[in-house]
């Protein structure tokens, strides 16, 4: 099964699930809106002088993308192990890692619709003015490169879930770290120096900086290198975890 067809299958499955759980989807939307409102209300404009509030807004969107990607990868693996269907997926013509990627991709597409609505509301409520110097091409390229890095992190989380069967605490820890200590939302200048190196080793900070500079320069290059590195590392870790799980015969243990 090619990847495009796999995405269609997973999209149909997810849409049926969303229609079945409409109430939960509505509450989830307001939950996201309240969270974003809380972030901007709690931090205030004093932390974001001038145009930097717009980039904090962008950083919040990136953080949400990352959180959804990591949570989806973790929950997919845990659910298949819990239901005892992981071995069946591994025996299909399509590799499990491609199925994982397709499901994460579809979930991010759905999240884009939700995020778009929430972002418009946040921008309207806080009167956030977009930066006129921003480049649409660099913006799109930076987000795509960022999502490649997120996919690698998702594979890493999926690999940890394969070995330890549950990794929700790790997902939460990474989510909180990326929200407050990567320079994506909170300016890197006000973050303790100890977090500077790990922040610069992740794609969040460089994605915001690439969008801010609006040129294909050093920031885009570093973002590309980091995103590809995270993707290769995450995919390699996931495959290694799969091999270890098969050798131990623990795919049905939860």
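Backbone N, Cα and C atoms are what each Cβ position is placed from, and that goes for glycine too.
Since we're looking at a predicted model, the values are computed, not measured.
Some features that TrEMBL has for this protein:
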type	residues	note
TRANSMEM	21-42	transmembrane segment
DOMAIN	39-214	domain 'ABC-2 type transporter transmembrane'
TRANSMEM	54-77	transmembrane segment
TRANSMEM	108-128	transmembrane segment
TRANSMEM	134-164	transmembrane segment
TRANSMEM	176-195	transmembrane segment
TRANSMEM	215-238	transmembrane segment
Open item on the list: So if I exclude everything within five residues of the ends of the transmembrane segment (54-77), which remaining residues of that chain have a CB under 8 angstroms from its CBs? That is, six or more out.
Closed with: 32, 36, 39-40, 43, 47-48, 86, 100, 103-104, 107-108, 111, 115, 119, 122-123, 128-131, 143, 146-147, 150-151, 153-155, 157-158, 161-162, 167-168, 170-171, 174-175, 178-179, 183-187, 204, 207-208, 211-212
- [ ] For the transmembrane segment (215-238), find every same-chain residue at least 6 residues outside the stretch whose CB is under 8 Å from a CB in it, and list them.
- [x] 97, 100, 135, 138, 141-142, 145-146, 148-149, 151-156, 158-159, 162, 201-203, 206-207, 209
